[in-house]
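Trainee: The structure under discussion is supplied below as structure tokens; questions concerning it will follow.
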């Protein structure tokens, strides 16, 4: 069993999420990856903590973490560029691997950090820096390794996407939608970094650097936010068949790349047009795989902490060449289909006669199947017509008995179509 | 540099794709992962090959691959369960790691294969077995490692999805859509495994086993195909606000799991409802990350070969504890925004006067900006009204000069809204 001795920098929202996740899921992670995570020390400068942590773990002295002789891995969740950069560089120089969620730090100082990591032969993982719990960094680094990346089109700022979705769906103006986002906790009191595109620019700088194997400069990324978008722009775009989304784009173009964050009109049928609310999505076009999309919650304590901890597991596995692979063990009990609970769609072929619907409903009722919706069309007495019923949740076994009975009724012709509904 | 000595079983569609990909991209893969891929021997029983391969690499004797003393990694692309199982077990017993795209083999005999791999401390990677070039297996194994998986809802058979999409969009009946799919190469001459759900059932068996850490039995998965779906079912479902998709589902339910493949009604606004044509998508719900979706081309030579080769790179990295991490090197040239080519949306605030549109068009024309669409509404002579123009592709620099000139025209009030369009 590989053991990671972890020093944690920061016990704010994400930091306390990481701490609590490691406590809750240490056994699952060890089972699935063969890595045990052990928190040795936590540096935090705030006095009030939302979670209870044993006192002996805590320190206010960052050096007690980044230079601690028994710590081999530093998890940086302070955020910000300065003085965090100094701490991360010290950690690397002291022989620690680093896991971070800090997109600003990597976008603005990645060059320096990566060079230091190479010099000291250290590893840096940063899955949580883009797309919260969505494993897009690993996908780009490993899953798409055979590709020359041609473009990335992404929705990577949940706050802006939430605001634009509310403006689109509920016809709100920008200011009202921003206030709603703030009330729901999707936007901060000072929302500038989100709505003016800076956060998305940090993230696309990281994605561009990984996609093209060279460091993109954050300052080279063109940035436009959404605060100038008026509701009428959304309405006019809609008339032309478009939605407006804040896209972060990087694409190959001649001998260079284009990299920009901008409110963009995209066709309504485009896969990114349906990414709504606070969700994120990253669409990557590779020359081998074609388009690959990663989608999920791009922020929040639990998804972000999950990405940090998955990096720790990956790091632990990478430390040992002999770490055995984990395979499924034992047998999974799959329930018989007759026991499942589902909503159903029935299409009966019935002879249209007065009282026919009542007869069928009666049989369904006897089997405790309750109807939610009905369509009966092209009614012509005495002719075979389709009768469509949707049910509330019911057991498959009851459905089978009921349909078996109904299929034998004289008013019913042919086999009933039975389909399941998932919401 | 880690070197993988590879033996290839099968040089059909995927096999020749893997061979050619390794030849074309060996340098890129080495740069990005520090692993060099070397094909030592290829076993193939067919006589006619679509690609040219040096004769000394070829053999008709499988044992020359699976027992070859200099081969450390066997890539199995024969397909089928027998006699492939025997070859894979021999490879593992002979100390080779295995990469395979064979979903039938893993779904039906995974238990035996995984036990053999554990016994001989070998690794097996099978990214290509589900979802072609979509890195969902790695996502599930590593990215979502902190999660108790609650459910997977997936569209993992491209043929069925193509047929249902054609039935939905073009109003075709099942047989016509199937023929169209066969003509376009999306369905095989014998389409049973695809349209009756067997292929999706193989894949969901693999996903279920990884998600829950126990082997699901292929025979326990309930399977219904799409051949009984009539166009009227799609039309009625549409009236209730649903689309019909062939879903492969696994979900936690009490002390067991439900696992099934079935045509399913899902709400139109559901993210899976917009997965059309031959695309695949896998929606995984974890207790930490919430919903995460992976989407892309689920089949085809290039995406599938890409997944196989990415497994080889991952395997190579896993062999060495000291393999240094690859970071971006040097600086990426990001083009100045003024040089980009894009379509544009303009919203001008203009005083509605005769000839006003002509004047604005004139300025745009002088800057070689060509208009594709116009909306002009709420026309009231002498009042300020919005004028919306969409352009064909044009350079940003020209747009800036034109808008600068237009914003100074006496008929124009306020700043012009300029947004970019991506198709």
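Every residue, even glycine, has its Cβ placed from backbone N, Cα and C.
Bear in mind that TrEMBL entries carry predicted annotations, made automatically and left uncurated.
Annotations per TrEMBL:
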BINDING   A:9, A:10, A:11, A:12, A:13, A:14, A:15, A:16  NADP(+) binding site
BINDING   A:103  NADPH binding site
BINDING   A:188  L-homoserine binding site
ACT_SITE  A:203  active site, proton donor
DOMAIN    A:345-420  domain 'ACT'
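A description of the local structural setting of each listed feature is requested, covering burial, neighbours and distances.
Mentor: Residue density at residue A:15 (NADP(+) binding site): 29 other Cβ atoms are found within 10 A of its Cβ, drawing on all protein chains shown.
Mapped onto three states, the DSSP output places residue A:103 (NADPH binding site) in helix. Counting only same-chain residues at least 6 apart in sequence, those with a Cβ under 8 Å from the Cβ of residue A:103 (NADPH binding site) are A:126, A:129, A:130, A:199, A:202, A:203, A:206.
Other C-beta atoms found within 10 angstroms of the C-beta of residue A:188 (L-homoserine binding site) number 13, with every protein chain shown included.
Taking all protein chains in view, 27 other C-beta atoms sit within 10 angstroms of the C-beta of residue A:203 (active site, proton donor).
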Trainee: Could you round the CA separation between residue A:14 (NADP(+) binding site) and residue A:188 (L-homoserine binding site) to a whole angstrom and send it over?
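Mentor: Cα-Cα, rounded: 15 Å.
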Trainee: Could you please provide the mean pLDDT value for the domain 'ACT' (A:345-420)?
Mentor: 93
Trainee: Within 10 Å of the Cβ of residue A:11 (NADP(+) binding site), how many other Cβ atoms can you find? Include all protein chains, please.
Mentor: 24
Trainee: Please list, for the domain 'ACT' (A:345-420), how many residues fall into helix, strand and coil according to DSSP.
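Mentor: Its residues divide into 23 helix, 28 strand, 25 coil.
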Trainee: Rank the binding-site residues A:13, A:16 by the number of other Cβ atoms within 10 Å of each Cβ, and give the residue at the low end.
Mentor: A:13
Trainee: What does the structure give for the C-alpha distance between residue A:15 (NADP(+) binding site) and residue A:188 (L-homoserine binding site)? Integer Å is fine.
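Mentor: Rounded to a whole number, the Cα-Cα distance is 18 Å.
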Trainee: When you tally the Cβ atoms that lie within 10 Å of each candidate's Cβ, which of the binding-site residues (A:10, A:12) has the highest tally?
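Mentor: Top count of Cβ atoms within 10 Å goes to A:10.
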Trainee: Cβ within 8 Å of the NADP(+) site's Cβ centroid: which residues qualify beyond A:9, A:10, A:11, A:12, A:13, A:14, A:15, A:16?
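Mentor: Same chain, not in A:9, A:10, A:11, A:12, A:13, A:14, A:15, A:16, Cβ within 8 Å: A:8, A:17, A:18, A:19, A:44, A:77, A:78.
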Trainee: Might you list, by sequence position, any residue in that chain lying six or more from residue A:9 (NADP(+) binding site) with a Cβ less than 8 Å away from its Cβ?
Mentor: A:15, A:42, A:43, A:62, A:65, A:66, A:74, A:75, A:76, A:77, A:78, A:84, A:87
Trainee: For residue A:9 (NADP(+) binding site), name the DSSP secondary structure in the helix/strand/coil scheme.
Mentor: strand
